[in-house]
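Only one structure is covered here, and it is reproduced in the block below.
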Amino acid sequence: MDTSLTLLLLLAPFIGFLFNVFFGKSIGKSASGILGTLTVATSFATSVYFFMQISQTHQAIQIQLFDWIQISNFKVDFGFLLDQLSILWLLFVTGIGSLIHLYSISYMHDDENMHKFFAYLNLFIFFMITLVIGSNLLVLFIGWEGVGLCSYLLIGFWHKNQDFNDAAKKAFIMNRIGDLGLLIGIFIIGSMFSTLDYATLKTAITGTTNLNITWISIAAFALFIGACGKSAQIPLYTWLPDAMAGPTPVSALIHAATMVTAGIFMITRLNYLFDLAPDVQNIIAIVGAVTSLVAATIALVQTDIKKVLAYSTVSQLGLMFLALGLGAYEVAVFHVITHAFFKACLFLGSGSVIHALHGEQDMRKMGGLKKVMGITFFTFLISSLAISGIPPFSGFFSKDEILMVAFEHNKVLWIIASLASLMTAFYMFRLLYLTFFNEFRGTAEQKSHLHESPSLITFPLIVLAILATIGGLISLPTNSWLNEYLAPLFAKASHEAHHFGTTEYALMAVAVLGGLIGIGIAYAKYIKQNIVPEEDSQITGFAKVLYNKYYVDEIYDAIFVQSINSLSKFFNQYVETTLSSLVFGLGKVTNELGFQGKKIQNGSIGRYLFAFVLGICAIITYLFLAQ
Amino acid sequence: MSTILIIFCVLAAVTLATAFLAIFSRNPIHSALWLVICFFSIAGHYLLLNSQFLAIVHIIVYSGAIMILFLFTIMLMNLNKENEVHKPRITRLGAVVSFCLICVVLIAVFINSKPIVGEYISTGEDYQSIKVLGKVLLNEYMVPFEFASILLLVAMIGTVLLSKKEKTEK
Amino acid sequence: MNNILNEIGIENYIFLSTILFSIGVFGVLYRRNAIIVFMSIEIMLNAVNLLFVAFSTYHQDAQGQIFVFFSMAVAAAEVAVGLAILVSIFRNLGSIDINKLKNLKG
Amino acid sequence: MNVSLILIILLVGAFATYIAGDKLASKVALFFGIAALGCSVVLLNHFNLGENISFLSQWINQPHVSFSLNADGLSMAMVLLTAALTPIIIFTSFGTEHKNAKAFYALILFMSFAMVGTFLAADGLLYYIFWELSLIPIYFIALIWGNGDAEERKKAVVKFFIYTLAGSLFMLVAFIYLYQKAGSFLIEDLYKLNLSATEQLWIFLAFFLAYAIKIPIIPFHTWQANVYQKAPAVGTMLLSGIMLKMGLYSVIRWQLPIAPLAAKEYMNIFIALGIAGVIYGSIVALRQKDLKKLLAYSSLAHVGLIAAGTYTLTIDGLRGAVLQMIAHGFVVVGLFFVSEIIYRRYATGTIAEMGGIRTQSPKFASMFMILVLASVALPTTFNFVGEFTVLYSLSQINVWFAILGGTTIILGAYYMLKMYQQVMLGETNTKAFADVSLNEGLALVLIIALLFFFGLYPKPITDLITPSLENIIKVINRA
């Protein structure tokens, strides 16, 4: 029963993918969209079933299908593990996935390759489910690479535009850098513990005392690099903003809600391993905090609506990594979930706006949309409040917990994180004000076509907005259902419930105040003074550095891409030709020897006679004299 | 110094000197004549070694037949002019060096082999009279002897064929 | 009967024939005239013959002399054929300079 | 029933094809190719049942040479690879007209015959004969039916021929030396030899030269790209799909067990050489302007990794290498077929002249994409299984080897996707591009299906090769 249901859960989207690939074109756009949505909804229903089951039994479900890869000291099998963590992930992956599929039916309706779009989305859900429910690291790796592939396919969905293709390629390659790290981590774990299976690994690690901490740290670090690639942390974050080249539902699903949280999933999965490597945890915390701040600063000045959201995603992911680094895995998971709600809502809302403006993404050409797009505006507002950490929206709870954990561990990290949250509030409301308030700044033609999006688009927005509002309930500061639910996963005793004192209340107040200050500044600037960001060419000073994302792309390009390219050029022009001419040279030497040898055979009897006499002398000397 | 030794020395000197002269003479006819003298001196050596028959045969074959053949050929080609161009200096030098080299090598081999020269015993047995030679030649060396005759026959036919003017020639 | 070698010594014959042989070699290398080269070859053959006879006496054995007969027969045949070839070369090339005979190269 | 049957079928097939005439040649060749495949499957069945399917008969008395064909799991796997790829390769050629087709197809079967012989031979001299025999057909195939300027082609092909032949001669010398020592060419006698370290080193190097040129391992690879470019698609597939594997197979079968001390002593150097090939090949591939050349360099990178895996001397390394060999065989045939499909339509191999094909032929684009992904070892494709195992074995030797070898994951993705982008994506091409025909599609689907099947379930192959590889490891560790 469990096995077949798991297979249903897993294979439903895959069947949707196959069906859409082979027959999508012939059954028509709507049908292919509905089919795609239904398959994911099936998975969602199954996930709900499993969730109910595990809420009662508290028993993880283990399923073995067949042997996959045979290594000398262990074998990897194709197996699945449905425990609290994976089911939780399944719920919001398939849940948000279904919503976004639904949304896409309307959003992508004008695209000629809609069936392909749904095929890829289904494939993505399939791989994401594989990633989540795999019972060992290698099955996780299948999903890990698979979602990267789908991300590649979807970013480059409009493949006639080579810039989009470049962005897709960049995403895939940067992910692969992380994947190499993940693989190395897997190798080290495999050779240390002779298993890749989570369950066995957990017993092996928690049950043994004298472990080689150095190697565990190296493994943890390698895994962290993998997480960096997938979850867009410094130094591998630059692909995520570029990934906005894909259709907006893709950005919402893959690059905000689900795929980018895979790194957090993996680290939470292996929390017992990371607990043993405090140095790596520190690195994770620092990287997370720095990423959140850097991304937030960049987001301050971006003018592309999706770019702002992308950097905001990077920033929020940074906060999650901060929590991971501090050992507060359940807090990170909590933020993943609330973030999935409000960020998906934000992206879909921005998609709704872009849809209404026929592809315009520049905020400088928007404004005043509040009047025509009421529902979009309202959901967008709720999500913005949530991400800014204003009570009682979900983001407040999760973000507050992260800040609290940071405060407990390290004041500097807390300051950085608070600063990032303040900026978050500012740029989100900057976005909101520029988009929805004041007068419309686009062309008259666009203005005449302005309209609220159809219900297929607004329905997911409403659902997500509701979730973004109430999502915080799953982990209230004093009574956390989530912490209890996840407790069996963690080696350490679950993060002790904060006993609320003045410090905690003060921290909460500071956080809320920070959010309000951010909103206030944005209000003052963009509503009161009605400032519109300058044109690209007029940006100067530090803002220009920020606008150009600290020139990180250019630096990477110069350091890595250009050097590899020039190395390639060097190899092609010099090394290859040198090696080739060496081989030809060998031939030439032989040839030359032949020519020289030919001269000896010149037909002159006189010389032959000389050679003859000398030869006799040599032979006689050798035979009789050389003893 | 015994008489025989003196005779040997004189003969040896004549042999070597005429051999040299035969090589160095620019006129081929002179060379041939010097060579005849050389062969006579070698016949003298044979006589000294008491092989009269061989000495006679040697004179008949070499001085009588072979050298006449040479002279005929030279005259046939009309080569009695001294028109030969010398080889380049380096080649001549090389020839001298080779001469010395082979001389040294051969003598060195001889010395190096440390021969044990015993007493020269004369058993008094007859081993080189015509009678004995004839017996050995026609008993033990019967087959080679016949082959030698075939060789001479073949050589004769070959010579005739070679020196005949080809008819196809223009 | 007193052995002649008691007076002279076999070494002297060896030296003599060695030098004579070398002179032959020298002639072959030194001259360009094919006839002289031939003569030099005769000198070499005679050097060998001389040594044969000397050793025949040394060993008191007739076989050495028998070999000289054969060698003479061969020399006669060789000279006959060789000179015939020379004549025919001379007829074709108008010269018997061995440096001009270079058709042997590939 | 024994393995000589496959050889007989292929040889008879070659003659029959030649006799059949130009019109029927391709079909007759395909028939015999499939017959050989069927025969090898039947034999595999017998083998799995534990029957003895080897063949041994005295051949030459002095020196002592026997006609010995030994089929263990490793050989069977390689024979199956050859037998499976041969009909596919013949089938892929159906869309192209070949002049003097009877000779062309006969040569393909003959080449297949020689390669199967190489994989089966258990006698040094016999093995050497098959090894050299396989060079002759590919020489003619590349020379006569190749692309591009005839003079250039001749230069490249002759270089290849002489280069590989020269390398092999060192192997022959090594075999003769071994014969002096063992008094037999039989592989089990050679395995029993106890040579001194110096002797082993020389023999190892002699073998290495032959194999390094054939595989090719840098810096002996210079023949490769040009020949791949100039040879007809079929020749390139035969070369890259099967012939390269001859070298790798021989490393496992001959080089390592005969000279284990040298292999152990200098292991790191040869692993490093293989990994250098990975990085070098990948980087050089980045700037190739010709599709087939790019694929050639990607092949160089992949075989570099395989070679590195074999020189680890661990069961994982060998197993991963063999798996990767088979996987690479299929992928590379598929990719070269893709380049041939483009060549049929555009009559060019220059990447710059392509682009925007995806809109015109979505089916082709999808299949090409899958092959690209398989080539960069996406999990669930067969290549991943091999690459993972090889990299794992490298990490057992030294983590840095795994990291450096693992750059293939990044660089491979880089050049392959870049190539795919330039060839397939972008604005719709002005030149028409017909989507894949039924024949072409069938061949590609077959390859893709095999890749995915074994990617998910490599157990049959793993079970087949593991016992024989364990035996070889045992031989390597005998001293």
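Glycine residues also receive a Cβ, built from the backbone N, Cα and C atoms like all the rest.
Just so you know, TrEMBL annotations are computer predictions that nobody has curated.
Because the structure is a prediction, the values reported are computed rather than measured.
The list of residues near the transmembrane segment (D:6-21) in space but at least 6 beyond its ends in sequence, with Cβ under 8 angstroms from a Cβ of it, reads 28-29, 31-33, 35-36, 39-40, 43, 69, 79, 83, 86, 102-103, 105-107, 109-110, 112-113, 116-117, 120. The transmembrane segment annotation in TrEMBL covers D:6-21 (among others).
Per TrEMBL, transmembrane segment is recorded for D:28-47 (among others).
The transmembrane segment annotation in TrEMBL covers D:67-91 (among others). Through the fold, the transmembrane segment (D:67-91) approaches residues 2-4, 6-7, 10, 26, 29-30, 33-34, 36-37, 39-41, 43-44, 47, 53-59, 105, 108-109, 112, 115-117, 119-123, 126, 186-187, 234, 237-238, 241-242, 245, 249, 252-253, 322, 325-326, 329-330, 333, 439, 442-443, 446-447, 450, 461, 464-469, 471-472 of its own chain, all at least 6 residues removed from its boundaries and within a Cβ separation under 8 Å.
The transmembrane segment annotation in TrEMBL covers D:103-122 (among others). Proximity of distant same-chain residues to the transmembrane segment (D:103-122), defined by a Cβ-Cβ separation under 8 Å and at least 6 residues beyond the stretch ends, is recorded for 3, 6-7, 10-11, 13-15, 17-18, 25-26, 28-29, 32-33, 36, 54, 56, 68-71, 75, 78-79, 82-83, 86, 89-90, 129-131, 133-134, 136-138, 140-141, 144-145, 186-188, 234, 238, 242-243, 246, 249-250.
Residues or ranges marked as domain 'NADH:quinone oxidoreductase/Mrp antiporter transmembrane' in TrEMBL: D:123-407.
The annotation transmembrane segment is assigned in TrEMBL to D:128-148 (among others).
According to TrEMBL, the feature transmembrane segment maps to D:160-180 (among others).
The feature transmembrane segment is assigned by TrEMBL to D:200-221 (among others).
Annotation comment: TrEMBL describes D:266-287 (among others) as transmembrane segment.
What TrEMBL records for D:321-343 (among others) is transmembrane segment. The list of residues near the transmembrane segment (D:321-343) in space but at least 6 beyond its ends in sequence, with Cβ under 8 angstroms from a Cβ of it, reads 74, 77-78, 81, 85, 88-89, 92, 95-96, 147, 228, 233, 236-237, 240-242, 245, 248-249, 252, 291-292, 295, 299, 302-303, 305-307, 309-310, 349, 354, 357, 364, 367-368, 371-372, 374-375, 381-383, 385-387, 389-390, 423, 436, 440, 443-444, 447-448, 450-451, 454-455, 458, 461-462, 465, 469.
Residues annotated as transmembrane segment in TrEMBL: D:364-385 (among others). For the transmembrane segment (D:364-385), same-chain residues at least 6 beyond its ends with a Cβ under 8 Å from one of its own Cβ atoms are 298, 302, 323-324, 326-328, 330-332, 334-335, 338, 341, 357-358, 408-409, 412-413, 416-417, 419-420, 423-424, 433, 435-436, 441, 444-445, 447-448, 450-452, 454-456, 458.
The transmembrane segment annotation in TrEMBL covers D:397-417 (among others).
Positions annotated as transmembrane segment by TrEMBL: D:438-457 (among others).
By the count of Cβ pairs under 8 Å, the stretch nearest in packing to the transmembrane segment (D:397-417) among D:160-180, D:266-287, D:438-457 is D:266-287. At the 8 Å Cβ cutoff, the transmembrane segment (D:266-287) and the transmembrane segment (D:200-221) share at least 3 close pairs (sequence separation 6 or more) and count as touching.
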